[in-house]
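What follows is a single structure, written as structure tokens, with notes after it.
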Amino acid sequence: MDSLTGVVVSMVMLITTILLTLVMIIIWRTPPALVALYFVVFFVMESVYVSAIFTKIPEGGWIPFAISLILAFIMFGWFYGRQRKLEYELTHKIDSETKDTANRSRSSESHYIKNMKSLHKVTVFTTLRYLLVPKVAPGERFVVSKLGLRGVYRCVIRYGYADKLSLEGDDLVNQVIQSLRAHVLHCSNSLEVDDEVSELEEAKLAGVVHIRGKTRFYIGKECGWFDRTMLAFYEVLHSNCRSALPAMGVPLPQRIEVGMLYEA
């Protein structure tokens, strides 16, 4: 047990030093000289400790490494699946004939637009995005744009890693409508402003439906064994993840899921 504890403590110290160095570089924007000073001193000192406890591996110190390998496999499976999904979306972006060429739609958005026989009078594609900053100012949280079709918008809700999901249910809808109204007033033609604003208000009064895109991989026979294994494992992880809609207070009767298959 002493060998096991020693390996765990020493490895935690070394990993903490590496992760804190990354935080100093990416998030805190610490001057390189201070980062180098911190990293060299603590990394050398803790590397000595880690090298000393390698002799304890046969006495039980291998257990933390086995657990680490299992966790690393889980993390790599999730990362690999997300990267393949992102690659699919980037390679399957399309320009709809009715859209401005500057606004290229993501794969899930274009899938919905192409396959639904009709659209709501006002459709807002909403993305929840976490940024590499502690907090996002309330005035910068919502970023909206028009997708070219009348009544079709994109809204990105941005949060920092230390922010809490403070918007739920009707509050979320109200904030999105306010951001859309401000965007319409600022960017639209003066002759169309009144019509678009009235459409937003009418759509809000008629009722809001939250449509969530749910994607899955289609693993064909032409896929290699590595892709089959990793993507099947990713599907298991993804199917057990909790949707963000309940956390945002979206009522159950207002939720709809639209499925889509990504070809691996």
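Just so you know, glycine gets a Cβ as well, placed from its N, Cα and C.
Bear in mind that TrEMBL entries carry predicted annotations, made automatically and left uncurated.
According to TrEMBL, the protein carries these features:
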type     : residues : note
DOMAIN   : 5-96     : domain 'K+ potassium transporter integral membrane'
TRANSMEM : 6-28     : transmembrane segment
TRANSMEM : 35-55    : transmembrane segment
TRANSMEM : 61-80    : transmembrane segment
DOMAIN   : 110-262  : domain 'K+ potassium transporter C-terminal'
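Under 8 Å from some Cβ of the transmembrane segment (6-28) lie the Cβ atoms of residues 34-35, 38-39, 42-43, 46-47, 49-50, 52-53, 56-57, 61, 64-65, 68, 132-134, all in the same chain and six or more residues away from its ends. DSSP labels the residues of the domain 'K+ potassium transporter integral membrane' (5-96) in these numbers: 80 helix, 1 strand, 11 coil.
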